[in-house]
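J.: What TrEMBL records for this protein is below:
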DOMAIN    A:28-338  domain 'Glutamyl/glutaminyl-tRNA synthetase class Ib catalytic'
MOTIF     A:34-44  motif ''HIGH' region'
BINDING   A:Glu35, A:Pro36, A:Asn37, A:Thr230, A:Val270, A:Ser271, A:Lys272  ATP binding site
BINDING   A:Asp67, A:Tyr211  L-glutamine binding site
REGION    A:124-148  region 'Disordered'
COMPBIAS  A:134-147  compositional bias 'Polar residues'
DOMAIN    A:342-441  domain 'Glutamyl/glutaminyl-tRNA synthetase class Ib anti-codon binding'
DOMAIN    A:460-534  domain 'tRNA synthetases class I (E and Q) anti-codon binding'
Amino acid sequence: MNETSKSLNFIEQIVEEDLANGYGREDLRFRFPPEPNGYLHIGHASSICLNFGLGLRYNAPVNLRFDDTNPAKEEQEYVDAIKKDVEWLGFSWDTERYASDYFQQLYDWAIILIKEGKAYVDDQSSEEMADQKGTPTEPGTNSPNRNRSIEENLSLFDQMKRGEFGEGTHVLRAKIDMSSSNMLMRDPIMYRVLHKAHHRTNTDWCIYPMYDWTHGESDYIEQVSHSFCTLEFAMHRELYNWFLDQVYEPGKIRPKQREFARRNLSHTVVSKRKLLQLVEQGFVNGWDDPRMPTISGLRRRGYTPESIRNFVDTIGIAKRDNLIDVSLLEFTIREHLNKTTHRVMGVLNPLKLVITNYPEGQTEWLEAENSPEDEHAGSRQVPFSRELYIEQDDFKEEANKKFFRLKLGGEVRLKNGYIIKAESCTKDTDGNIVEVQCTYDPKSKSGSGTEESLRRVKGTLHWVSIAHAIKTEVRLYDRLFTDESPDTHKDKDFLEFINPDSLSIITGYVEPALKNAAIGDRFQFQRLGYFCVDPDSNDNLLVFNRTVGLRDSWAKIQDKK
RNA sequence: UGGCCCAUGGUGUAAUGGUAACACUCCGGUUUUUGGUACCGUCAUUCAAGGUUCGAGUCCUUGUGGGCCAACCA
């Protein structure tokens, strides 16, 4: 990681400035603080790479802290998935923390606040409190309970803790300023009553701290130096600092919150709430559905950690609203897979090709290069015979000069094999071409060095020998939404933009070398794209996911017509 | 009609008062036994108006546009 020539993003600059102003390098500490209420998505990858990247850059510890203050939404399943995803992306945390580890400390501090007259118990309804809250343009009014005695507050809060009150009946509020221009400073709630079991503390508590009261104090407990979050928390900073003021002791590290813009990806949604909706309402088959922008979905789709890190690095960190084109993500995965995958042949829309002058029953094993990008990748043998499958798109009875593929009377090379010439074709009663008959030039075998083998023909087709091919299931994915920014329409729900054709499942035929492919293995199906073996595969059936297609300039030429 | 934040090619990000650049996309071309890859090239950028300065994308003012803020969510 030689970053010397690379410019710093504004977050890195903040750290650099602190260092320049005397901040101790050894005092640097960061954290990645997910709430375990859903799976991590590509947007989180930015935050992960930012925080763990800072840790790597400064050799500083980075904690993985679960922000688990709401037992109503959080589950162990999510904790496990998050840990797996962070590790898979290639990062190691210093210590695994939970905000729930700090419930006792938070409670003790809350008692102090009450004793200092800085917090009070309110037993009004949420509606009443909302009314008193005012609006962004009008100040709020004080709660009638705002000036309860310290003794009464202590007693009430104790009763809350002991479970004597029902949910929604009592809260502990910080006494700050009901007329602040910042709504969050209008006596924010610190604790609410929740008679729910927590995934870690079980039923030890029935009062749970709110985000604002928890987050900054957790940073402080862990002595995190820089606490980076997304822009929607910018207004929370004032409160974050106010809460810190209440507990801060000189000499300790005082965490600093700064905000950056979350990354939006085109043609999808990057919000745990909306992704959960897609899962729960069955628009996708789970959080790791390959169409999901989740880390687990991308992993199953065939994305590599390297490509995601490279993507994140390319899109950078800033403060303005953004909508990153998914084509950039596709570029980074193609870039990595081009260099790392072996080339194989598979046919997705088969058209039977019969080589009429090739001996019946004969099989010949042709040598095929595994990767033109890697001279050490070696080669393999591919069976060739009289009856093959080629792609339906690769044959036309008649076509103009721009069509480099097979047409009647025309020649193409079969990749790694021979030059063939289409002689005739047969059709079914509906006029669909069902078979092509051709002849081959026995002297044109690839790599044989003969004059005929060196002849240049414009088109090269991939193919499989019908008798040797493995029948597989292939899942083709398209963008999940038809709109580039489905959740930013004020008058329309994002679900209205679901792409009904985001998944199509077809039967494909691949060369026998893939017989022993393992789950997760990635390949380039030549001329088609990158594919990986899905976990749904079993001994009887290989299932492939198309990670991404190859760039297709022929398709572009077609589109123009 | 309050507060906070933001504004650089189609997209994203740099330029830290001194020649506006990089990547992706788009378009065109060269090479090619993948219409892939690689390589070359074209088009295209500082929201507006004032001000400070020898010099402003950068600093100041005002406007305009966009985002966020009134969950016992995070």
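Glycine too: its Cβ is placed from the backbone N, Cα and C atoms.
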J.: If you skip the near sequence neighbours and keep only those at least six away, which residues in the chain come within under 8 angstroms of A:Lys272 (ATP binding site), Cβ to Cβ?
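T.: Non-local contacts for A:Lys272 (ATP binding site): A:Asn37, A:Gly38, A:Tyr39, A:His41.
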J.: In whole Å, how far does the CA atom of A:Pro36 (ATP binding site) lie from that of A:Asp67 (L-glutamine binding site)?
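T.: The Cα atom of A:Pro36 (ATP binding site) is 7 Å away from the Cα atom of A:Asp67 (L-glutamine binding site).
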J.: To the nearest whole angstrom, state the Cα distance for the pair A:Ser271 (ATP binding site) and A:Tyr211 (L-glutamine binding site).
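T.: It is 18 Å, counting Cα to Cα.
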J.: If you draw a 10 Å sphere on the Cβ of A:Ser271 (ATP binding site), how many other Cβ atoms land inside?
T.: 17
J.: Could you tell me which of these binding-site residues, A:Glu35, A:Asp67, has the greatest number of Cβ atoms within 10 Å of its own Cβ?
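T.: That would be A:Asp67, with the highest Cβ count within 10 Å.
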J.: Once the DSSP letters are reduced so that anything not helix or strand counts as coil, what is A:Thr230 (ATP binding site)?
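T.: In three-state terms, A:Thr230 (ATP binding site) counts as strand.
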J.: Max Cα-Cα distance in Å among A:Glu35, A:Pro36, A:Asn37, A:Thr230, A:Val270, A:Ser271, A:Lys272, the residues listed as binding ATP?
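T.: With A:Glu35, A:Pro36, A:Asn37, A:Thr230, A:Val270, A:Ser271, A:Lys272 as the binding residues for ATP, the largest Cα distance is 17 Å.
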J.: When a 10 Å sphere is centred on the Cβ of A:Val270 (ATP binding site), how many other Cβ atoms does it contain?
T.: 19
J.: With A:Asp67 (L-glutamine binding site) as the reference Cα, tell me which of the binding-site residues A:Glu35, A:Thr230, A:Val270 is the closest one.
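T.: Answer for the nearest of the binding-site residues: A:Glu35.
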J.: Since the record lists A:Asn37, A:Thr230 as binding-site residues, which of them has the fewest other Cβ atoms within 10 Å of its Cβ?
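T.: Among the binding-site residues A:Asn37, A:Thr230, the sparsest Cβ neighbourhood within 10 Å belongs to A:Thr230.
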J.: In terms of Cβ proximity under 8 Å, which residues at least six beyond the ends of the motif ''HIGH' region' (A:34-44) contact it?
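T.: Those are 64, 66-68, 70, 73-76, 78-79, 81-82, 85-86, 199, 262-265, 270, 272-273, 275-276, 287-288, 292-296, 298, 308, 311, 329, in sequence order.
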J.: Name the one residue among A:Glu35, A:Thr230, A:Val270 whose Cα is closest in three-dimensional space to that of A:Tyr211 (L-glutamine binding site); these are the binding-site residues.
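T.: That would be A:Glu35, nearest by Cα distance.
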J.: If you run the three-state DSSP split on A:Lys272 (ATP binding site), which class comes out?
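T.: In the DSSP reduction, A:Lys272 (ATP binding site) maps to helix.
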